[in-house]
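Only one structure is covered here, and it is reproduced in the block below.
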Amino acid sequence: MPSRKFADGEVVRGRWPGSSLYYEVEILSFDGKSQLYAVKYKDGTELELKESDIKKPFGNSISTYNGGPEPKQNEGKDSPHRTMQSHGEGKDKPHRRPQERVTMPHKSSNVSTQYSLRPRREEIKFNEVNSKGEKPLAEEPDLLRTFHVATPPRKEMEFGGVPGALLIMLGLPAVALLLLSLCREDDPSLLRFRPTWPALCDLWEPRAAALYLLWLSVQALFYLLPVGKVVEGLPLVDGRRLKYRLNGFSAFVLTAAVLGAGLLWGLQLHYLFDHFLQLAVAAMVFTAVLSVYLYARAQSAPRDELSPASCGNAIYDFFIGRELNPRVGSFDLKYFCELRPGLIGWVVINLVMLLAEMKVQNRATPSLAMVLVNSFQLLYVVDALWNEEALLTTMDIVHDGFGFMLAFGDLVWVPFTYSLQAFYLVHHPHELSWPLAALITALKLCGYVIFRCANSQKNAFRKNPSDPKLAHLKTIHTSTGKNLLVSGWWGFVRHPNYLGDLIMALAWSLPCGFEHALPYFYVAYFSVLLVHREARDEQQCRRKYGLAWERYCQCVPYRLLPGVY
């Protein structure tokens, strides 16, 4: 069997069937039996082409238009998957070259069935009409009726597919409850752990559930306030850009003001500490109900509003999310849950733990370790809310749907497990010396500088690649018209923002000492999470940028830790 000439993800020139013109296409897959390449034009059209109809991107015989015949469909409308930017990149102005054509034998109207010209949305509508036995409103041209629709490449499932999704959905709630129970034990060791589980009926507390719903309602109200600027997200499959109001930091300030006023008027937060497990269970129940609603409503969502990560399997789509941007009117459910209830709730829980430490340990002031944990994590949350716009280019927003995975992570995992260090210190006090506290603070600031500077450099380059302040940075040009940063923070390692994240995670745990491993669960978990996420980033960047990404990997060989990984 002859070997293939072009790799998946490579951007090349494909001949438009029935013409002598070549346009820019992306290689999707290769069928070894038929020796045909599945390709995608920039207008969304997917065909199968012979190798002889594909040429390298540079040289003669290329049309001036880089994306498919202009009369067919608007070009340049990439899917969210294609527009996701997990690496520093900027867009250049396209370079036009004189139109040139190759004289080829004229094809008859009976074109070979190895080609497919119908755009996907038209194909779906056409199939639906045929399945109902109805006649199309308008007949297609003879040329299109002779073409055969190419089968799209099967989507790969992540997270171990259906078995992995089931394991995560069943395992994460159990792990969260186990961690919270361990924190209450005098000896939080798994080897000697004898859980004192409350009765099943005691895990559900109606008052705690009502309090959790009140919290969500207040944050939803703050989300709807006409405060903050409105920005557009990345282009969707149909070219639309959704609008987002950036008022997360305002919601945080309002929450702090309401909470501060309540404390001045004698509000007692100890109920939250005493019923912490019941609050977590209430959040889990709400997440399950929300996930069912999200999956049910996604069944009637248009195809171009579905997530690129969904695959059609009910269990996997329930987990990963079937609909990309579920909205009730202008209320974006995924965008709301990403930052507000979880991150702001995390800060409130840390404050509850600080007050509980003073009460449980009869302290006049909180311990230095508790102050460091609260301060470090407060800085992290404030940074995320202040730079809210950066969320719009993350994988969570542009690629993953809104299902159980993100809902549980945003509403349960973040507020109830990221506050583990503060919860641990309530029952396991650790006296920290000032010199050691200074070293830990220096480590935290080091991680924060790497994290913030790397992200700021990337965001500035995306907005204006020709900014004179960025002129010293080296770049690699890609076939998409954008450039990849290969110097500065992004020439240090391929994911410097993740490196900063990991350093900060370690600094959050160090104030708890080394008597038990429990406070370091977050570091271990976060390491696995970021290694998995950067692997997803790498895969998608390789698919998007092709050979340019390979060149970047040669220039910057290490992913996270220089000289190690």
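Cβ coordinates come from backbone N, Cα and C, glycine included.
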Where TrEMBL places transmembrane segment among the ranges 372-391, 432-451: 432-451
Residues from the same chain, set at least six apart from the ends of the transmembrane segment (277-296), whose C-beta lies under 8 A from its own: 173, 176-177, 180-181, 198, 202-205, 208-209, 211-213, 216, 314, 317-318, 321-323, 326, 333, 402-404, 407-408, 411-412, 415-416
PLDDT averaged over every residue in the domain 'Tudor' (4-62): 78
Tertiary contacts of the transmembrane segment (208-225), as residues 6+ beyond its ends and Cβ separation under 8 Å: 245, 247, 250-251, 254-255, 258, 272, 275, 278-279, 281-283, 285-286, 331, 336, 340-341, 344-345
